[in-house]
Amino acid sequence: MELRLAIKPEFIGKTVLHLLKSYGLSKRQLRKLKNHQAVYLNNQPVVLSQPIENQGQIVIKLPALPAEKYTETSIESLHKGDFLYEDEYLIIINKPAGILAHPVKYHPAPSVREAILSHYKQHSESFEGFYPIYRLDRNTSGPMLIAKYSLIAEMLNFHLKLGNIKKSYLALAEGQIVQQKGIIDLPLGLEPNSFIKRKASVSGKPALTKFQVLKLFPSHTLLLVEILTGRTHQIRAHFAAIGHPLAGDDLYGGKLNLLSRQALHLYRLSFFHPVFEETINLTCPLAGDFKEALLTLRQASGELL
């Protein structure tokens, strides 16, 4: 597999190393490319310190990876509709609620990795690599962005830090949030005597959650939410902290009468593709249980009568 990068005019006179650093590659990754002599300038192998004299292409020979090891589990393989996007460098999967984003050591629970590998195995194909760019809680549904190569993962993580990967969630909170839009600015830290639960704490890490009310029901509020920082359980902990836990989120005080898991779904994903150099936008439809919860609320409020 080859990765082709066009040389832009601003890199004329600068080194190959300078160009590669602009893509967010780490020293470790650059050292690996150097040791494997994997970089070519206009079809000729080059050292990274070589100046670029004219426009053309940088070609990186991506290593052939051994097929990911697959452990048989009870998880169902993914369906065609679960593959929201795929090219030779990355893949986007619609993660169902109830499975982990990534396998955990000594934890038998199924994960997205196993689901992908099961799908590829059924189609007699191998999967290059599994490098998730961000994670979703086990019971949060929605698109997961996964790189197939560590080098692509570094490029995507670079854009994540630059704010070029944007995520918008749909959340169903208990009670009525009358403020139409706002930002929850509460530092978050670990709940005492818990390895998982977070709570608002002055000694915690800064956390900002932006929200917009989409619909008020008599007993709940449907919200569009963006996280401006990336803390564990940020959305769940923030809405619990202001007295509006998510429906189904019993860890944070939510009731289980509508859903058996937190009503949180990554709805919209926008990211800059580091190879194709274009922004990709996609939306992911709500999972069935979330739809049913909204239908129940509409019926209870008399909308569907």
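Even glycines carry a Cβ here, placed using N, Cα and C.
Database features (TrEMBL):
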- 89-241: domain 'Pseudouridine synthase RsuA/RluA-like' (DOMAIN)
- D137: active site (ACT_SITE)
DSSP state at D137 (active site), helix/strand/coil: coil
CB within-chain contacts under 8 A for D137 (active site), separation at least 6: A101, H233, R236, Q262, L264
